[in-house]
Each structure stands twice: as C-alpha cells, then as structure tokens.
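Annotated features in Swiss-Prot:
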BINDING   G170, D171, R172, Q173, T174, G175, K176, T177  ATP binding site
SITE      S363  site 'Required for activity'
Amino acid sequence: MATLRADEISNIIRERIEQYNREVKIVNTGTVLQVGDGIARIHGLDEVMAGELVEFEEKTVGIALNLESNNVGVVLMGDGLMIQEGSSVKATGRIAQIPVSEDYLGRVINALAKPIDGRGEISASESRLIESPAPGIISRRSVYEPMQTGLIAIDAMIPIGRGQRELIIGDRQTGKTAVATDTILNQKGQNVICVYVAIGQKASSVAQVVTTFQEQGVMEYTIVVAETADAPATLQYLAPYTGAALAEYFMYRERHTLIIYDDLSKQAQAYRQMSLLLRRPPGREAYPGDVFYLHSRLLERAAKLSSRLGEGSMTALPIVETQSGDVSAYIPTNVISITDGQIFLSADLFNSGIRPAINVGISVSRVGSAAQIKAMKQVAGKLKLELAQFAELEAFAQFASDLDKATQNQLARGQRLRELLKQSQAAPLTVEEQVVTIYTGTNGYLDSLEIGQVKKFLVQLRTYLKSSKPQFQEIISSTKTFTEEAEVLLKEAIQEQMERFLLQEQT
C-alpha cells in the first residue's frame with residue numbers, strides 16, 4: 001500500500017491555498033408559493049425587474065410580469081410540471097432576448113428562437129432583445145416604395161408600401177393566410193427577407209404552409225416562427241415579438257423585410273389567459289386594460305428607416321379573425337386603429353367564388369398611390385372608379401326590370417372587371433402582367449367575350465405578349481411608366497391575340 005509522505009501532504013495543501021480564489025456571488029433568490037396553469041407565485045425575489053427572466057430549480061425559465069408588494073407573479077415558458085411548492089427560484093438579471101444571424105433564413109423556429117425543424121442548431125454571434133423600442137419619428141421616412149403582393153386587387157386598389165402596416169381581416173376560412181403567403185411567394189428575386197409567425201394554429205396548417213414554401217423555393221429568404229395551439233400561452237404571446245426581433249435585425253442591416261403575424265387574435269387570447277390567471281382586472285370582452293399596448297408596441301416596430309439609418313424597411317401584415325364579419329369587436333377595432341389600412345375579406349364573396357375574396361368597398365390603404373409605380377397609377381385609377389360605379393349599379397339593377405343600353409353595358413363591363421380580379425392561389429402576377437390585365441379590362445377589350453372566357457383569354461394574352469413583344473416588359477421595368485410606345489405594343493398584342501382566340505373558340 002502506497003504511503004503519502006508529510007512533505008507531499010504539505011505541498012498539496014500549499015498549492016490548494018495558493019490556488020484558492022475567494023469569490024462572492026450574490027444571487028437574488030425566492031421561494032415558490034404556488035404553481036399551476038402556467039403561472040407561479042414567488043415569495044422573495046426582492047430586486048427583480050419587470051419582464052426579467054427567472055430560473056427555477058429544475059431549469060424551467062419564466063418571466064416576472066406581476067411585481068406585487070409581497071410576491072411576484074411569473075409566467076412559465078414551458079409546462080413546469082416538475083416545479084414544486086417551496087423550491088427555490090433565482091433571478092437571472094436578463095430581459096428576454098434571442099440570438100440573431102443570417103443562418104436563421106430557411107429555418108423553422110419556436111418563440112425562443114430554438115430550431116424545431118430537426119436540422120440541427122443555428123449558429124449566432126449576436127443577440128437582440130425580444131422587446132426593443134420602435135424607431136422614433138426622426139429615424140423614419142415616409143413610405144414610397146411598393147411592396148408588390150402579386151394580387152391585382154391589392155396592388156391596384158389597396159397598394160402596400162415598404163414599411164407600411166396593413167391589416168388582413170376577415171372570418172375564418174376566407175383566405176387570409178393565402179393572401180399573406182402569396183405575398184411571400186411574390187417576393188422571390190426581390191431581395192426581401194420574409195418572416196412568417198404562426199400563433200396558436202394547428203400544427204398541420206403550419207406544416208402545410210412550410211411545405212408550400214419549400215416547394216415554391218421561397219424558404220431560402222424566409223424564417224418561420226411557429227407556436228402551435230398546444231404551446232403554453234406565454235410562448236404564444238412571445239412569438240410575434242420574436243419574429244419582430246428577427247425582422248428588425250435585417251432591417252437595421254439595410255435590408256427590406258416583410259413580417260406576417262398569423263394571427264393576432266390568438267396572441268390576444270393567450271395574453272388574456274395569462275392576465276386573468278395573474279389576477280389582473282379584466283376589461284372589455286375580459287381582455288386586460290393593456291391589450292391595445294400589446295399590439296401597438298409590436299406593430300410600431302414596422303417602419304421605413306431614414307437614409308441616415310440605411311433606408312431598410314419592415315412591412316407588417318397582421319392578420320385578425322372576426323366572428324361573422326363583426327369588425328366592431330374589441331381586437332379588430334384596436335388593430336384597425338393602429339395599422340395604415342386594412343384588407344377586408346368577405347365570407348359571402350368567398351362562397352360566391354370570388355377569390356381572393358377582397359371587399360374592395362371597405363378595404364383601404366392609408367398610404368395610397370405613393371406605394372405604386374407610375375405605370376400602375378396610370379391604369380388603376382380608372383379601375384377603381386368603374387368598380388365603384390358597378391357596385392352601385394348592381395344594387396340598383398336588382399330592383400329595376402328594364403335597363404337602358406348604357407347601363408347594361410356598364411354592368412357587363414363591371415362583371416368582366418370583377419372577373420379579372422380573380423386569381424388562383426400561389427399564382428402571383430408581376431407588375432407588368434397586372435398592368436396588361438387592368439388595361440385590357442378598363443378599355444373594353446373584354447366586353448365582346450363571354451364571362452367564362454375572360455380568364456382563359458387573359459392567360460393566353462400574357463403568354464403571347466411575353467413571347468412576341470418582350471420590349472413591352474423592358475419598357476415598364478426600366479422606366480416604371482406606361483409610355484405611349486408601351487401602349488401601342490399592348491394594343492397590337494391584344495388585337496392579334498383576340499383574333500387568334502376567337503378563331504380558336506370557333507373551332
């Protein structure tokens with residue numbers, strides 16, 4: 001048996017004494033009084049900040065939301081099934097933040113920016129606060145560049161600009177998500193980073209959206225943030241802020257970003273659940289008093305930055321679900337008053353086969369034609385006017401039996417214009433194609449066709465124009481104007497294609 005000599009023992013003790021480093025660590029701790037329903041009440045934690053992250057003994061993390069005189073109300077960012085009454089909790093000294101980097105592009109993540117697509121970790125050197133202040137007045141400039149959605153009804157009559165916030169509102173199953181996802185598909189090749197935030201949706205719906213993005217090849221410039229219906233309320237409440245933090249990261253790096261919140265009604269419901277469990281006083285529809293601030297501080301982060309900050313932009317398309325078309329409910333009116341306009345989707349139009357089911361009469365963009373190229377302004381003004389007159393006449397024509405020829409012609413034109421606004425899902429059109437379509441309709445070239453032939457003719461016309469008159473597209477994309485030369489080319493193409501089409505139909 002080996003024996004230790006006295007001098008060896010003294011050397012070991014001497015080394016230990018020399019290596020001893022006295023370090024005092026002050027940790028702010030507390031004790032769990034009560035836990036359940038995703039909420040924990042903590043005694044102690046005297047110096048905790050509002051919104052600070054706290055860590056439980058079994059490593060669950062929570063956010064301190066209610067700072068009361070004798071306890072702290074914490075919402076859990078996990079199920080917290082292993083937390084026990086009497087266990088200790090420590091304050092971390094950090095406000096909620098997430099890592100950010102270019103590597104997030106093409107990934108599906110949760111509200112804590114952790115990947116959930118099974119493709120391994122994401123490397124990130126920087127981090128951003130989930131809740132950051134919105135850009136101030138001096139940091140912004142007015143919206144002037146178009147954010148093309150690829151949908152004629154929107155780009156012509158309810159134009160969206162880069163840095164705008166445009167609400168998409170409507171009942172369930174009216175195509176709200178389809179409008180938003182088509183807008184993402186249309187950003188292909190436009191150098192726009194897209195963030196799609198899914199809040200409280202079915203996992204199957206989110207999977208369907210991600211599959212569409214992958215098939216269409218748009219995942220390379222898109223980040224999907226998903227918290228499904230079975231996620232804790234805290235994470236559903238945080239998901240939009242996580243998406244905003246990622247979009248901001250790119251915006252401040254002089255890039256253009258588009259963020260979709262699908263949908264904010266679910267976020268408000270998650271926040272209502274948390275607030276009621278924290279015993280905050282309920283207000284209208286049992287929502288807490290600060291539910292307006294919940295959405296305003298999120299949507300104000302969308303901006304068009306000034307030239308001094310690099311002219312980056314963040315365009316927000318929040319989605320809100322209504323109950324049987326009631327836009328005067330609490331959350332819809334709140335979000336309408338925060339955003340720069342709304343696109344109203346109607347269940348009646350959807351069921352009658354008009355898709356996208358946009359009710360042009362009550363939809364509005366408060367940025368207006370500032371967010372359109374000159375060519376679009378030139379052709380879209382007439383379209384708006386004719387559709388408005390058609391809507392008026394249509395209501396009147398239901399009661400009048402004998403209509404004069406002019407009124408009949410106007411009704412026929414209106415029906416064809418309504419037909420040209422119809423589009424299939426995942427088939428966005430370029431601006432040049434939209435200008436062609438609108439010009440053909442408003443100048444009466446479709447009047448001689450049957451309503452059922454309109455769509456087929458327009459598809460063939462766009463293909464024919466691309467192959468036989470490529471200079472038309474060059475003129476519009478380079479000058480952004482519908483010049484006389486472009487008009488001559490278009491008229492020729494319409495006449496040539498009309499002759500071919502009518503011959504085709506006869507045979």
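For all residues, glycine too, the Cβ spot is worked out from N, Cα and C.
Owing to the predicted nature of the structure, the values given are computational and were not obtained by experimental measurement.
In this structure, the CA atom of G175 (ATP binding site) is 15 Å away from the CA atom of S363 (site 'Required for activity').
The residues near the ATP site, meaning same-chain residues not in G170, D171, R172, Q173, T174, G175, K176, T177 whose C-beta sits within 8 angstroms of the mean position of the site's C-beta atoms, are E321, L345, A347, F350, A357, in sequence order. Recorded residues T174 (ATP binding site) and S363 (site 'Required for activity') have their alpha carbons 15 Å apart, per Cα-Cα distance. Cβ neighbour counts within 10 Å, taken over all protein chains shown, single out G170 as the most crowded of the binding-site residues G170, G175. Taking the C-alpha positions, the distance from Q173 (ATP binding site) to S363 (site 'Required for activity') comes to 18 Å. For the recorded positions listed here (Q173, T174, T177, S363), the lowest count of other CB atoms within 10 A around the CB belongs to Q173.
Put simply, G170 is the one of the binding-site residues G170, D171, R172, K176 whose Cα lies nearest to the Cα of S363 (site 'Required for activity').
Least packed by the Cβ count within 10 Å, out of the binding-site residues R172, K176, is R172. Remark: D171 (ATP binding site) has E321, T322, Q323, S324, G325, L345, A347 as non-local neighbours, by Cβ distance under 8 Å and separation of at least 6 in sequence. DSSP assigns T177 (ATP binding site) to a helix in the three-state reduction.
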